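Peer 1: Pasting the relevant annotations from Swiss-Prot:
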COMPBIAS  1-18  compositional bias 'Low complexity'
COMPBIAS  28-38  compositional bias 'Pro residues'
COMPBIAS  302-314  compositional bias 'Polar residues'
COMPBIAS  566-576  compositional bias 'Basic and acidic residues'
COMPBIAS  579-595  compositional bias 'Polar residues'
DOMAIN    93-160  domain 'GRAM'
DOMAIN    370-541  domain 'VASt'
MOD_RES   S265  phosphoserine
MOD_RES   S269  phosphoserine
MOD_RES   S273  phosphoserine
MOD_RES   S418  phosphoserine
REGION    1-63  region 'Disordered'
REGION    257-337  region 'Disordered'
REGION    562-601  region 'Disordered'
TRANSMEM  610-630  transmembrane segment
Amino acid sequence: MFDTTPHSGRSSPSSSPSLRKRLQLLPPSRPPSAPEPEPGTMVEKGSDSSSEKSGVSGTLSTQSLGSRNFIRNSKKMQSWYSMLCPTYKQRNEDFRKLFSKLPEAERLIVDYSCALQREILLQGRLYLSENWICFYSNIFRWETTISIQLKEVTCLKKEKTAKLIPNAIQICTESEKHFFTSFGARDRCFLLIFRLWQNALLEKTLSPRELWHLVHQCYGSELGLTSEDEDYVCPLQLNGLGSPKEVGDVIALSDISPSGAADRSQEPSPVGSRCGRVTPNLSRASSDADHGAEEDKEDQTDSQLDASSSQTVTPVAEPLSAEPAPPDGPTSNLGPLDLLSREELLTDTSNSSSSTGEEGDLAALLPDLSGRLLINSVFHVGAERLQQMLFSDSPFLQGFLQQRKFTDVTLSPWSSDSKCHQRRVLTYTIPISNQLGPKSASVVETQTLFRRGPQAGGCVVDSEVLTQGIPYQDYFYTAHRYCILGLARNKARLRVSSEIRYRKQPWSLVKSLIEKSSWTGIEDYFHHLDRELAKAEKVSLEEGGKDARGLLSGLRRRKRPLSWRGHRDGPQHPDPDPCTQTSMHTSGSLSSRFSEPSVDQGPGAGIPSALVLISIVLIVLIALNALLFYRLWSLERTAHTFESWHSLALAKGKFPQTATEWAEILALQKHFHSVEVHKWRQILRASVELLDEMKFSLEKLHQGITVPDPPLDTQPHPDDSFP
């Protein structure tokens, strides 16, 4: 653990990253046993004791420059921007302060931004150590702290927020259930928790080298450590985060003797040992995963765990390897995390029957990089000639660079210190098709060649490509490994693997943008290189007077490029035929984020999927509107021109030509006339009947209304006379 108590005169660990920087600032005359000042403290020229003044005055005069520079650097680390992007040391100190009741041996591995779902969402951070899962939230001084021991976890489950958004993890113990949501990279966090949980159940611990390797993969190479951190153990291979000068002497191929397939598969690579290398999932875990991207698919283990979004994982012991590694091999420190997979140890087993001893040695000693395997082809060209074509000022390389539109190409000669270990630097300018950014970018490529012996045909070339003048150029660079294996006199295999290495750990959104653009350019570059090598091979066979069609099928075997992400991306689709490549970007292996389409680009290359979807929706809407307009127009026309259509149809009919046809027409007309007359007769008859009924009704009405008049009396009555 980090020790924050002052210890003056305390020696720095030999593998501490800050010690190397401090030793470079010290003058050569400084004795190694001289006490070093504490970081962050000023060095006084005087002392309370006269004996200390006389004994230290000479040493202080020689290290004044180094002390000032070191103090300036320590003050810089505590500036305002360090609060916005804290280092791993600061995060670990915060972890120790927040969870002071944890054992002293617990060290922070990674932390994620998330929220705890209770009555309200409590936004905070989830801290993972080797044996504990901790959560801390502080909302307006309302603090929430949770500490869960991994051994007490009974169920680990992926969940969905509001049954829709897959960004939550549920952790259950015997007494409680904790629902954590708002993860930016839920699958990565789940996988890491699951593996640590299995380790805790199996009572297995990580070795210091594995632990620090995980920390480096999560936080990058700059951890902010000082000489006070004596428990730091530097991994020999940090996935490109350290150079051979920093991690130690380079292990030459000539110093390693072949001893067998099982032993050779566990030997270190020329740049350094690959022990303690975690799976690509863990290597890409971000400490600020709340900015998450779309994230990538998981490796084979995670794909089995993620059969459904709500899959529940129960503690099941992982099967142990049947063949343990030798105790002195680089894989002897591997714990239950399976940091070095069997697929990465053996690079090629499909052609073991025809491979020579040299190919078997190099394939076992030089595993591919952890990114992607881009070229795995056998060419009917000798290994020496293939090396000259790719790594010398050959006409093939010049023509290929011209096709990629590279300018200002400068190739420095190979260093002649040793034929087994050579080095050179290349500089050139690549075009960029980005309309908003720069139109070109300068590139510096450093190539290091390793060979088993001066007379050996095969070789390995490690290339580091730095692109300048592009966004986030100080965050990443690309690394490539060319492995040329001689199979026969005129037969060689070329394997090219690549990976993206980060100097600083970017946000997940920025990281996804970098990886998407870089991998697009890298894959296009090497696919183009593979096609050009195939053309050169064909030309070479034709010039030799051989039948190209008969020999190419038997002498050259092609393999589908594989993805070397530890099965993180799931099953890979086979690469299309080289002649039907639809995307060509000039950045290629040179890690330019913006690439220019090539001349053989297809008609639909480079179109975003969102634009295609929007175009399809617009076309469907236009078609529906056109159909609706046609139906309305048809109804209106039908309503106004029905009779005219009928008459027009009769007018355009076929006129009779013979007497028989005229007779038929007359008969039809007569029949039609008779039918019409009969109908009119019925109508008239019905009308007459109605009129008769009306007449009868009116007569009855008239009879009912008429009243007979009373008879008139002509004789006078006696009462009518006057008195």
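Each residue, glycine too, has its Cβ placed from N, Cα and C.
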Peer 1: Near the transmembrane segment (610-630), which residues from the same chain, at least 6 beyond its ends, have a CB less than 8 A from one of its CBs?
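Peer 2: Same-chain contacts beyond the ends: none.
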Peer 1: Looking at the domain 'VASt' (370-541) alone, can you tell me the average pLDDT?
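Peer 2: In the predicted model, the domain 'VASt' (370-541) has a mean pLDDT of 87.
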Peer 1: Tell me the Cβ neighbour count for S418 (phosphoserine), meaning other Cβ atoms within 10 Å of its Cβ, over all protein chains shown.
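Peer 2: Result for S418 (phosphoserine): 13 neighbouring Cβ atoms inside 10 Å.
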